[in-house]
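**Student:** So TrEMBL lists the following for this protein:
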- B:34-54: transmembrane segment (TRANSMEM)
- B:112-136: transmembrane segment (TRANSMEM)
- B:112-296: domain 'ABC transmembrane type-1' (DOMAIN)
- B:156-179: transmembrane segment (TRANSMEM)
- B:228-253: transmembrane segment (TRANSMEM)
- B:278-299: transmembrane segment (TRANSMEM)
Amino acid sequence: MFGFIIQRLLATIPVLGMVAVFVFLMLRLTPGDPAAVLAGDNGSPEQVAEIRESLGLNEPLVVQLGIWIGNILQGDFGQSYFFKKDVAELILLRVEPTLALATTTLIFTIMVAVPIGVIAAYKHGTWIDRAVMAFSVAGFSIPVFVLGYILIYLFAMQIDLFPVQGYKSITDGFWPFLHRLILPSITLSVIYIALIARITRASVLEVLGEDYIRTAYAKGLTPNAVLLKHALRNAAVPIVTVIGIGIALLIGGVVVTESVYNIPGLGRLTVDAVLGRDYPTIQAIIMVFSFVYVMINLLVDLTYSLLDPRIRY
Amino acid sequence: MTEGTENLVDSAASADAASRRATVWEQLVRNPSVMFGAIVLGLMVLMALCAPLLDTMDPSSIDPAWRNKNPGVEHLKTFSDGTEREWTYRMGTDTLGRDTYSRVIYGARVSLAVGIVVAVLSLAIGLVIGLVSGYIRWLDTIVMRVMDGLMAIPGILLAIALVSLADAGLVTVILAITIPEIPRVVRLVRSIVLSIREEPYVEAAISVGTRVPLILIRHVLPNTIAPLIVQGTYICASAILVEAILSFLGVGIPPETPTWGNIMAEGRLLFRVYPHNIMFPGIFLAITVLAVNMLGDGLRDTLDPRMRKRL
């Protein structure tokens, strides 16, 4: 097991290295001199040359890539062109709202998607099944921001249940924090619920056809026990896999949801950085999100043996 | 093998293929999901093509006196060609006094064009890369490393980052949406190539000295068509959504061009007072994507039953 963890960890290195190369090339392929941007409109040629030297921009491309990756490993993502701050600092300031939104969304999604997926599989072919499937197709088709505005319109404007927009840190109290996260989390979770309900239904349905399910019923177990202990347990691996893969959807959705609900997180920072052509910040955000994505999927791989003891490494 | 028998085998194979095609066609027509998707999508395409005939006006024409009107407001409007006519703002107007109805109808053009072009482009590029890397071993390792790297970056994020690299415009947006889609196509094609190359008929082709490009085109390519059509519809649906997201965030196609995302981006500020600028394009967007997705689901069930299990 330990050997497997090490092996999987090592396997992420080339992937993240590849991401780093893309992200690095993206910046270098764009027109414009980063040193000139940092020096500002009134920068003298000498200042620009000095900044070029200090950023190592006179070195060959491969050396620059090496320096850049070395800096990232030390947590140094460079200076933001737009905010004139350390990018690492900028990102740290914005992590909390995004993490809060993603976590509440993930919890809500799993709480809703897995049960409705199981029920749909159990009631296969009935109207419940069809309703869940219809919801899942619709969930894939409604754009996150349209859904966000519909929910704001209904639950924040027509019925005054939730605040329209904004974010409160958890340090300002738990209820104000949660109250402002409910609508964004529901918005963000719909596409994710659609995905996971679908895969839950499909994999539970497959397991329900197995002989041991018939045996479980035959020895007099209640449907609940059969579904939870026998069916869901055996269907868990594909479900957890898709939860991991779906993190990409979640990250994409965060960018949009934060813009709709005015949440000052990493998603908003992404949009601001793109609008301001703030390349160091864009690079850092992509690196951070990709790192998180790869690591979560690594974790998912590692849970396989917990979920299914037959899987040994 | 003599020429005569080869022809015989060929014609037998094509007769078999023809009868199979007929049944697939019948299956497609009978599939409600395919029919719903195809009809709605067909109507949308027709609407986009016939936009000038659908009682629309110039979608960019600004009317400062008639800004932010609710749907259904009528007034006597003087058009740019000097004619005067009673005009109903079916979907209201935006903050510049442009007719939302006309903008939504014209907006279908961009959304559908982006969806279709991205699907075709990513399938074509992915197909070539996948075929080649599935067949040439040493290239495979390198290509798959690159693809793994690309897939590790969440798609929308990569698209947003890519649009920032060049001037905003239709071509930039299409490329930015296409690139994140390519690795999935490559993987799909490659997996098909890897399984097909073990088939006895490919082995037979190799043993009689058929060259690799011919094997790829004659034996491998036909096997990729069905899964690629299915994949293509999903890519089309996701491309339409991503284009709207990019425009909505203000990083996509320039705001003068009417696209569903742009109309909604424009409507954002005054959403609380005039929700119609978000609701109408939103409905069209959702229905279009729904139609494409349902078409994809139906196609998958009929063309590629094996994929059904995969999701």
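The backbone N, Cα and C atoms fix where each Cβ goes, glycine too.
Unlike curated entries, TrEMBL annotations are predicted automatically.
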**Student:** Can you name the far-off residues of the same chain, 6+ from the ends of the transmembrane segment (B:228-253), with a Cβ under 8 Å from a Cβ of it?
**Tutor:** 110-112, 114-116, 118-120, 122-123, 127, 155-156, 159-160, 163-164, 168-170, 173, 176-178, 181, 184-185, 188-189, 259-262, 264-265, 268, 285, 288-289, 292-293, 295-296, 299-300, 303-304, 307
**Student:** Which range wins on Cβ pairs under 8 Å with the transmembrane segment (B:278-299): B:34-54, B:112-136, B:156-179?
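**Tutor:** When the Cβ pairs under 8 Å are tallied, B:34-54 comes out ahead.
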**Student:** Let me spell it out: take the transmembrane segment (B:112-136), skip the flanking residues so only those 6+ beyond its ends count, and list any with a Cβ under 8 Å from a Cβ in it.
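**Tutor:** Here the qualifying positions are 44-45, 48, 143-144, 170, 173-174, 177-178, 181-194, 197, 212, 215-216, 220-221, 224, 228, 231-233, 235-237, 239-240, 243, 288, 292.
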